[in-house]
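Enquirer: There's a structure below that I have some questions on.
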2 protein chains.
Amino acid sequence: MKACGLIVEYNPFHNGHVYHLQQSKEETQADVMVAVMSGSFLQRGEPAIIDKFHRAKAALQSGVDIVLELPYVYAVQYADLFARGAILTLSSLNVDHVCFGSEAGNIVPFINGYHHYIQNEKQFESKLHQFLDEGLSFPQASKKAYESIDLTSGEVDLSQPNNILGFSYVKAVKELNASIKPETIQRTKSGYHDEKIEHDIASATSIRKEILQQQSMTSNARNALPTATVEQLNNYMHSSGRWHSWEDYFPFLQLLVQTRTLDELKSIHGVIEGLEYRLKQTVQEAESFEHWMQLLKTKRYTWTRIQRMFAHLLTNTTKEEIETYKSINQSPYVRILGMTDKGRSYIQSIKKDIDVPLISNIQQFNHSMLDIEERATNAYYSPLPSSVKKVFKSQELTGPIILKETGI
Amino acid sequence: MKACGLIVEYNPFHNGHVYHLQQSKEETQADVMVAVMSGSFLQRGEPAIIDKFHRAKAALQSGVDIVLELPYVYAVQYADLFARGAILTLSSLNVDHVCFGSEAGNIVPFINGYHHYIQNEKQFESKLHQFLDEGLSFPQASKKAYESIDLTSGEVDLSQPNNILGFSYVKAVKELNASIKPETIQRTKSGYHDEKIEHDIASATSIRKEILQQQSMTSNARNALPTATVEQLNNYMHSSGRWHSWEDYFPFLQLLVQTRTLDELKSIHGVIEGLEYRLKQTVQEAESFEHWMQLLKTKRYTWTRIQRMFAHLLTNTTKEEIETYKSINQSPYVRILGMTDKGRSYIQSIKKDIDVPLISNIQQFNHSMLDIEERATNAYYSPLPSSVKKVFKSQELTGPIILKETGI
């Protein structure tokens, strides 16, 4: 069986994702679609709107065959490390392709771009450090460093967030020497950050914004979502009384900043360049999470960067912990959140060829990366009522979601 | 002016406290009544039902002249350290007497008891260590050590909690060589832990239990409280929507136990003898704070001990921090929460004779003990809505509550 990997957040799974799934399947002629998905917290630092189990279920019900968990240590990171974690995970399951959405839908410029980058890597690195030293954030500095080696004015337009991610995937595949062939399909019209829903394909950002504002499923959102997603979103709201957003975590973050010492704050991943002082200075004044972000944000501390730092603070993830995972070349384990019958057949077929433990229950395996995962899940569920928290957390201890084909 | 010190929690200030206040005033012929009061968290480890500012106000409106804050590092401690902190604080304000309630109302047995204790201190210490080594908690071990030197069968009945506290006050006065004369008055009939309100004098425990259960002021409770207390309790509920109890802090404690490492937990004051493992083991199962306590409680880890540990966890108070304060012989500062005009005159009259900074605003003075105090206040307010939290916390930055005599 031929497998195609997708790198996703599904926050939530929408019609654009259906399109990505179908086009990728067609493009790569794959039998099995394997998604590696961020868990509790996302690449830009937010808590997911509903938990990973409900999101995985919606994806399985809509045609994905296997949903793997992208470990927290990679999920809540800048593009390069996010991509590295995703490719590591997909490699472990021997996928043949990875297929991502891009503006032009042509893989050649990405490959050429990578070769150009390699030829100019020294200059790139030196520029990157220069821009970082000048006080730019990592994404800003890398963008300018890419410009300095003429990569952005070349065939890959790195001013587009999706292209940056795509380029990072190609780079990770090459750097990890993974036997995965990168492919790309053209994205549909809706931009990454579009905030209004106007078609039946809308960005996840716009869908979240609308339903979080209304605190209910709107007809606009319903039009942009597969039935399975509408169902999972409604189920989650029904069981827990909420869809998650950063505001829910404000009292917890306040307590942590107010009671932890400057040294303790400084040990947290993402608390850099004196941010610990700024956190202490602003915490008393902040009236909401949104207000706090406004007080904290500068050119240097971007919104995304601060959100990621807050996720690390909430999960007590330290610089020391993350350092370990920046350079490993093989996943210590792969966690399967869910699969269809077809996905299960694929796993059976490759099981003898793979040398990485496949797990679903977090107690099946002992690893520091999995401990961090458990902390992230617990931190994520913090705002829920205790009874719901307990039920939801019990999913960590059961097998993966298995979706019978007949159930679709 | 002659001043009498009272060591109190006023959680909340009730008719028994009015009696204590009046009797102590009469007994000592004092002009000014100075109360040193626990702040956000109490001796037995609970969060106070309403904050220290509202409790101080009720006390001032009911006849206390000065309310001083008993620093957190002493307030949430076993009797000996609690007493030491209270006597240190009262000494700084040059009070002439300290007057406490006891079962018999006679100071002689306490003084004699102290002398007997001094003569047998070596034996006491050796027995105390023996019992601690055998696994008894500190209160249990000291009770048995007192028995071993025949102190409990002598004139002081140390099986009564109030007598233990009284004995600790006398001991602290002597050990600190404070120029304060200890006095005692006989307590009224209601026992320390009585849980039912039956007279107009009821225990604070029974009053809290009743109004927390009903979530409103009951006529029984009203009968046991001065008007000022009823007003402050109602004001607090009106502004913040709650009276505090441990259940409000359950999600915060869960997050802390779930995300902090074993070593981090172990560094917290009160996390002893492997309690960090027990905390991690039980946190997932617990459905409420009450349920968690039941899971944690053993003969060795008493209810009070665990509650205090939870207060230290919430406020991030470490063993290292507390160690400093066990042996100091002078308060680094004294914080005045509030005073009447008469209280203010007293302060004016002694100001030239005292060598300790008097503060009210926490930003007036820089000291690690005050940092801990601020953490405790912030942690205490954690469950409140942000807007209320901000208003209440601003009280930390203003002068003391000043009550005009005409206002009573």
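Just so it is clear, glycine is given a Cβ too, placed from its N, Cα and C backbone atoms.
These figures come from a predicted structure and were not determined experimentally.
Pulled these from TrEMBL:
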- B:7-20, B:Gly101, B:Asn162, B:Arg187: ATP binding site (BINDING)
Enquirer: My understanding is the cutoff is Cβ-Cβ under 8 Å with a sequence separation of 6 or more in the same chain; which residues meet that for B:Tyr19 (ATP binding site)?
Expert: B:Thr188, B:Ile201
Enquirer: Fewest neighbouring Cβ atoms within 10 Å: which of the binding-site residues B:Tyr10, B:Phe13?
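Expert: Sparsest of the binding-site residues B:Tyr10, B:Phe13 by Cβ contacts within 10 Å: B:Tyr10.
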Enquirer: Let's check the environment of B:Gly16 (ATP binding site): how many other CB atoms sit within 10 Å of its CB?
Expert: 22
Enquirer: Under a three-state reduction of DSSP output, how is B:Ile7 (ATP binding site) classified: helix, strand, or coil?
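Expert: In the DSSP reduction, B:Ile7 (ATP binding site) maps to strand.
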Enquirer: Using a 10 Å cut-off, grab the number of neighbouring Cβ atoms around the Cβ of B:Asn162 (ATP binding site), all chains included.
Expert: 16
Enquirer: Give the number of CB atoms, excluding that of B:Ile7 (ATP binding site) itself, located within 10 Å of its CB.
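Expert: Cβ-Cβ neighbours of B:Ile7 (ATP binding site) within 10 Å number 26.
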